[in-house]
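Trainee: Handing you this structure, nothing more for now.
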Amino acid sequence: MFAKASLAAVAAASLLGSAAAAPLLATTLQLDKRDPVYSPDFNITYSSNHSEGLPRTLIMATGGTIAGASASATDSTNYRAGSIGVAALVEAVPQLLNVSNIDGMQVSNVGSGSITDEIVITMSKLANKALCSEDAPYDAVVVTHGTDTLEETAFTLDATLTCNKTLVVVGAMRPATAISADGPANLLEAVTTAVSPASHGRGVLITLNDRICQAMYCAKTHSNYLDTFKAYEQGFVGALLSTKPFFWYPPSQPTFKTVYDIANVTEFPRVDVLYSHQEATFDGVNASVANGAKGFVGAGTGAGSLSPFASANLAYVIQQGIPVVASTKINNGAVVPSQNATEGSYISSAFLNPVKSRRLLQILLALGKSTDEIRDAFEEPLRGYLY
């Protein structure tokens, strides 16, 4: 049975093949006499039926460090993300089958910097079919993902999942070949959290390093260390003890959260993030508009401030009816809206960081919202609370 094989060995073996595109090993592994299952909606390449009494979880694998491989067990920085497939990930953690029946599908197998809007929209639609449809076939969904853009995907899924079933996004900071790789334990904890009744009604969750974080506010805070995902102000919603989830508070959703139905959305409009600094000009915004940009997010200094040069260029863009959201590159705090919404000015991001502001703006534009409606979606909840 493949489950007993070392994930590190499988990952290392994959490096001996092509040094180019990462292979999808899930399609070539011996699945212990379990035939792959296919349906119109889910291209399942791994399936287990360990117990009729256990819940069923869909694992959507996208690649990332959790599926990465390096030539050395001590090298946790120079590796190839997305080197092994979903079957290898599951079979390397046989304890998973004591927790849930598992179906696995390979949505992509890339580093998360290569995740596209198309992939994210596909995952949102699959998650809604898996969990929220009238005859939903799954009790929970787990997404394995690279950590670099994990927060963007998790936020999108949180903003577009239309029911209260649990979806957990998980990654790893060390590749599968590393000494003390964190991926297997993280995956077990993600599935355990996903199928726990205590997880229902909390929105999309992120689990890494024995911590449970809500997707709306959780962000990657360190480029190397295991305890990278945090929500500094909002805090963790729970932790894992002996792989069992424990929540600090009863189920609740983040304040001001809104869910959007993107079932009919086929693509997200282009929205660019502009990083501010001293003497930032943003001279390229007009070229971006000419190349198809439909909105901008300013990653401002402090509470969303921009240089006079940048402000002048963005003012011209706003006059053309293109929405500009003011966010902050600082990890904590809010860009607070003014008491009265002002036509022709920036839209305040409230507590959303630049990449999450970008995604929300994309969703709203894809749904055909006007600039005033976009402003209300970002600003009105906090404005109504403050004034």
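Indices start at 1 and increase along the chain as displayed.
Note that Cβ sites are derived from N, Cα and C of the backbone, with glycine treated the same way.
Please treat TrEMBL annotations as automatic predictions, because they have not gone through curation.
What TrEMBL records for this protein is below:
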- 1-21: signal peptide (SIGNAL)
- 58-242: domain 'L-asparaginase N-terminal' (DOMAIN)
- THR65: active site, O-isoaspartyl threonine intermediate (ACT_SITE)
- THR65: active site (ACT_SITE)
- SER112, THR147, ASP148: substrate binding site (BINDING)
- THR147: active site (ACT_SITE)
- 270-378: domain 'Asparaginase/glutaminase C-terminal' (DOMAIN)
Trainee: Could you give the Cα-Cα distance between THR65 (active site, O-isoaspartyl threonine intermediate) and SER112 (substrate binding site), in whole Å?
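Mentor: Computed Cα spacing between THR65 (active site, O-isoaspartyl threonine intermediate) and SER112 (substrate binding site) is 9 Å.
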Trainee: Of all the recorded positions given, THR65, SER112, THR147, ASP148, which residue's CB has the most CB neighbours within 10 A?
Mentor: THR65
Trainee: How does the domain 'Asparaginase/glutaminase C-terminal' (270-378) divide up by DSSP, counting helix, then strand, then coil residues?
Mentor: 39 helix, 25 strand, 45 coil
Trainee: For the domain 'Asparaginase/glutaminase C-terminal' (270-378), provide the mean pLDDT of the predicted model.
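Mentor: Reported value for the domain 'Asparaginase/glutaminase C-terminal' (270-378) is a mean pLDDT of 94.
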Trainee: According to DSSP, does SER112 (substrate binding site) sit in a helix, a strand, or coil?
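Mentor: Going by the DSSP assignment, SER112 (substrate binding site) falls within a helical segment, counted as helix.
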Trainee: Suppose the substrate site is SER112, THR147, ASP148. Which further residues of the same chain have a Cβ inside 8 angstroms of that site's Cβ centroid?
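Mentor: After dropping the recorded site residues, what remains is GLY64, THR65, GLY111, GLY113, HIS145, GLY146, THR149, LEU150, GLY171, LYS220.
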Trainee: In terms of DSSP three-state secondary structure, what is the assignment for the residue listed as 'active site, O-isoaspartyl threonine intermediate'?
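Mentor: It is helical.
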